[in-house]
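J.: Next up is a structure, given as structure tokens.
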Amino acid sequence: MDASTLFKKVKVKRVLGSLEQQIDDITTDSRTAREGSIFVASVGYTVDSHKFCQSVADQGCKLVVVNKEQSLPANVTQVVVPDTLRVASILAHTLYDYPSHQLVTFGVTGTNGKTSIATMIHLIQRKLQKNSAYLGTNGFQINETKTKGANTTPETVSLTKKIKEAVDAGAESMTLEVSSHGLVLGRLRGVEFDVAIFSNLTQDHLDFHGTMEAYGHAKSLLFSQLGEDLSKEKYVVLNNDDSFSEYLRTVTPYEVFSYGIDEEAQFMAKNIQESLQGVSFDFVTPFGTYSVKSPYVGKFNISNIMAAMIAVWSKGTSLETIIKAVENLEPVEGRLEVLDPSLPIDLIIDYAHTADGMNKLIDAVQPFVKQKLIFLVGMAGERDLTKTPEMGRVACRADYVIFTPDNPANDDPKMLTAELAKGATHQNYIEFDDRAEGIKHAIDIAEPGDTVVLASKGREPYQIMPGHIKVPHRDDLIGLEAAYKKFGGGPVGQ
């Protein structure tokens with residue numbers, strides 16, 4: 001596409017050079033800029049990428065978007081704008097032909113449950129023989145092909161490229177985990193959502209948002225916007241068991257479907273039966289009551305299942321068809337995942353990293369604990385420490401607790417575990433500044449019949465260490481290796 005055409009929708013301060021050049025790529029990553037690319041520089045929290053403009057010029061890039069004029073060769077066109085990332089969004093959606101308009105787009109937000117609900121929607125679509133894509137905490141997936149991702153919600157250009165990739169692969173729908181960071185930072189500008197789903201709102205990310213009010217407002221942006229095409233049939237799915245849904249209902253202009261277990265809603269779960277093999281319940285709907293069975297464990301997952309089913313139903317699939325698909329869904333990786341049922345202990349990993357998430361996790365497993373419940377939890381570095389003692393208090397619902405760091409980054413691991421220990425309500429706990437050693441200790445003290453829960457990371461494949469270096473780490477593999485060494489069995493898979 002000709003650059004002059006691309007910039008027709010952009011208000012610029014000035015253009016230094018010619019826009020008469022062909023463009024086939026937009027990037028905010030200086031390492032990938034080349035001839036035919038537009039490089040969009042920006043001022044981030046830690047890096048000002050304007051300093052890489054000369055490097056991209058050396059790589060053959062002939063057009064840069066900047067917020068002030070740079071010292072560059074005369075053959076490099078500079079487009080000066082006030083807000084480079086907003087312009088990046090406009091350019092990306094224009095160049096890639098507004099890809100989110102070309103499929104059904106589901107957006108899932110909330111403190112806990114985003115990954116589970118988003119993954120369930122994707123898996124239901126696959127059971128229905130529909131081409132589907134997913135983007136979130138567990139990476140990027142088109143049908144069964146997976147690649148890793150860096151952020152829950154990538155920056156705007158990368159996100160648009162992923163949606164375009166899904167469209168080109170024939171995806172009929174795409175499900176996005178929508179983070180509060182992504183909403184506030186404008187990473188979702190230009191994305192057209194068909195269905196927005198809310199799980200819950202509990203304390204998290206106050207290091208970024210400052211207050212719960214600001215955090216809640218960030219989440220509400222998804223429901224008040226849902227894109228720019230107000231003529232489309234769009235829907236909102238809200239959890240009535242969370243009081244924040246009342247506010248979200250007031251900010252969205254679209255039709256709302258509500259679900260709940262404890263509070264009255266249009267769609268409800270009754271007569272709930274739970275085990276470590278899954279759940280069953282009566283799904284009470286405006287159209288009748290249906291029996292639902294699922295391999296997912298825990299009462300909180302019933303809420304997630306309902307949210308996913310309603311989202312898919314809202315776009316035209318019958319509930320009977322969806323319920324049949326739900327019975328055979330694969331587990332969501334790292335979410336209340338039971339590792340190797342042949343072991344004499346119940347070894348479980350989960351992503352719960354807030355007090356609310358941990359409470360729900362313990363609620364789910366405690367009825368099935370045969371002997372002791374051993375619970376390991378970590379606190380992330382450079383995060384909101386005000387939530388940490390409450391996490392320690394909740395962890396002490398278990399018989400024995402292990403406090404570790406989780407992605408300590410530049411914080412002192414001993415400080416992080418000490419913050420968790422401030423909330424301890426009994427003395428049956430121990431602190432480890434090395435998470436792997438904490439996991440090994442959990443297995444070492446476990447006896448047949450015990451339940452060991454490794455919380456906070458799920459299947460996250462790294463630890464963020466000083467200097468923000470990512471060091472390979474897998475809770476599941478470390479736990480299984482220790483369990484096989486003690487109890488026999490194996491080998492550990494990848």
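Every residue, even glycine, has its Cβ placed from backbone N, Cα and C.
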J.: With Swiss-Prot as the source, identify the stretch among 230-233, 286-289, 406-409, 446-449 annotated motif 'L-lysine recognition motif'.
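T.: Per Swiss-Prot, the stretch marked motif 'L-lysine recognition motif' is 406-409.
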J.: Taking the centroid of the Cβ atoms of G110, T111, N112, G113, K114, T115, S116 as the ATP site, which other residues of that chain lie with their Cβ within 8 Å of it, listed in sequence order?
T.: V108, I117, S199, N200, N304
J.: Cβ atoms within 10 Å, counted per site: which of T111, S116 has the most, among these binding-site residues?
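T.: For the binding-site residues T111, S116, the Cβ with the most other Cβ atoms within 10 Å is S116.
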J.: Per DSSP, what is the residue count of the motif 'L-lysine recognition motif' (406-409) in each of helix, strand and coil?
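T.: Helix, strand and coil residues of the motif 'L-lysine recognition motif' (406-409) number 0 helix, 1 strand, 3 coil.
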J.: Let me know the DSSP-derived helix, strand or coil state of T111 (ATP binding site), please.
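T.: Looking at the DSSP assignment, T111 (ATP binding site) belongs to neither helix nor strand, so coil.
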J.: What are the sequence-distant neighbours of N112 (ATP binding site), meaning same chain, six or more residues apart, C-beta distance under 8 angstroms?
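T.: Non-local contacts for N112 (ATP binding site): S199, N200, T202, F300, A352, T354, D356, G357, K360.
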J.: Go through G110, G113, the listed binding-site residues, and name the one with the sparsest Cβ surroundings, counting other Cβ atoms within 10 Å.
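T.: Least crowded of the binding-site residues G110, G113, by Cβ count within 10 Å, is G110.
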J.: Give the number of CB atoms, excluding that of T115 (ATP binding site) itself, located within 10 Å of its CB.
T.: 23
